[in-house]
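> Just lifted these from TrEMBL, have a look:
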BINDING   85, 86, 87, 116, 130, 134, 262, 266, 267  L-histidine binding site
DOMAIN    1-331  domain 'Aminoacyl-transfer RNA synthetases class-II family profile'
Ligand code: ATP
Ligand code: MG
């Protein structure tokens with residue numbers, strides 16, 4: 001009896017070859033872009049101890065309260081979690097390996113899967129991917145602006161500058177936020193009858209999140225609430241003005257959104273989101289900002305820091321729409337062969353062509369020439385190289401250009417690489433003829 005298929009876990013997606021090739025291309029573009037700004041890679045494990053996120057992201061955030069894949073290690077009882085975000089692990093690694101003290105300020109990036117137990121929908125998964133950038137040891141507004149400016153360049157490079165816009169806010173310092181928080185709680189308490197259940201739950205744990213409500217019935221209330229900007233001191237105001245001045249200098253348009261708060265507790269001063277109206281409710285492609293307190297909070301010396309996380313699935317959805325038929329990657333050569341001596345010769349010839357720099361698919365699984373040629377054609381290869389026992393005995397190779405037609409040609413195997421390079425890539429042959 002046939003076995004029932006075991007399916008993948010809900011909200012965790014397979015990325016099949018057509019799509020995965022596109023992912024690799026995007027990742028390559030992103031890596032080159034990061035390198036061009038002097039950012040270096042760091043890779044941390046997917047599992048961390050649960051307290052790392054409780055202490056950094058915050059006990060009363062959505063992520064920690066209900067989205068973490070946390071579990072007990074059956075072997076030793078450790079409380080572990082599949083990382084829901086990349087900043088805290090990056091800070092942990094930087095501290096554990098003493099990177100800042102040993103080598104000074106750091107510009108770092110990472111790329112990989114993150115895990116949050118959310119309700120799956122378009123643009124929202126339980127395993128998703130982020131590129132993240134973190135800069136440690138820079139306190140001025142220039143690094144905040146650098147992050148924003150570099151993202152603007154990425155959107156431009158990808159042809160998405162019309163689709164993604166910038167929202168900017170400042171969260172001030174923790175003292176300024178504390179004063180605002182007191183005022184906010186007093187205000188919401190005075191209007192307790194207008195709060196929905198979510199807001200009531202958050203009133204004393206996370207009143208700032210109430211400002212982020214999507215409930216239309218609460219919009220007027222939220223609109224009239226005390227504003228953080230009324231509690232900001234000169235340093236915070238000057239930092240925010242500094243970021244804006246650099247953005248104006250770089251001609252990057254932005255909208256100041258005083259209600260922009262991020263869903264993670266560690267942010268202070270600058271916060272930003274790049275948003276789109278093309279992905280329905282999942283509007284944020286990239287979010288980030290400053291988190292000057294986090295390094296100390298996780299046990300390091302006070303160290304200013306700033307960074308962002310970029311959702312790869314959401315960016316990919318926008319980018320794929322521009323060019324849905326993006327060419328898949330194809331081999332240069334498909335090598336067909338028939339007969340025992342031919343198979344051995346073809347195996348060797350394939351390696352020789354790869355040595356010459358060609359991408360070569362060697363036919364496997366037998367079959368007659370006609371069927372093999374069909375496979376060669378379907379592979380998208382530019383040329384089929386054909387080895388029969390005749391060719392093998394004479395150390396020769398036949399080939400046929402598959403895309404532009406033309407006759408089959410035969411030549412000594414030793415000349416094949418050079419001839420194909422000339423035909424496919426206009427690389428000159430040694431005697432100068434093309
Ligand atoms: P959202 O408001 O959409 O829940 P967030 O504020 O929780 O996003 P961050 O923690 O700032 O997101 O993560 C940075 C980026 O990662 C987001 O802007 C988004 O592009 C992406 N992202 C976050 N959660 C998911 C998810 N569940 N599925 C896919 N992408 C996600
Ligand atoms: Mg979220």
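Note that Cβ sites are derived from N, Cα and C of the backbone, with glycine treated the same way.
In TrEMBL, annotation is done automatically, which means it is predicted and not curated.
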> What is the Cβ neighbour count of residue 87 (L-histidine binding site) at a 10 Å cut-off, with all protein chains included?
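So the number of other Cβ atoms within 10 Å of residue 87 (L-histidine binding site) is 26.
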> Under a threshold of 6 Å between Cβ and any atom of ligand 1, which of the binding-site residues 87, 130, 267 are retained?
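From 87, 130, 267, counting a Cβ under 6 Å from ligand 1 as near, the near ones are 130.
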> Are there residues of the same chain, six or more positions away from residue 267 (L-histidine binding site), whose CB falls under 8 angstroms from its CB, and which are they?
171, 289, 290, 291
> Any idea what DSSP makes of residue 87 (L-histidine binding site), helix, strand or coil?
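Its secondary structure by DSSP: helix.
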> Under 8 Å Cβ to Cβ from residue 85 (L-histidine binding site), same chain, six or more residues apart: give me those in sequence order, or none if nothing qualifies.
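Expected: 53, 57, 63, 114, 130, 132, 264, 309.
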> Can you name the residues of this chain that are 6 or more positions from residue 262 (L-histidine binding site) yet have a C-beta less than 8 Å from its C-beta?
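Spatial neighbours, sequence-distant, of residue 262 (L-histidine binding site): 271, 273, 287, 289.
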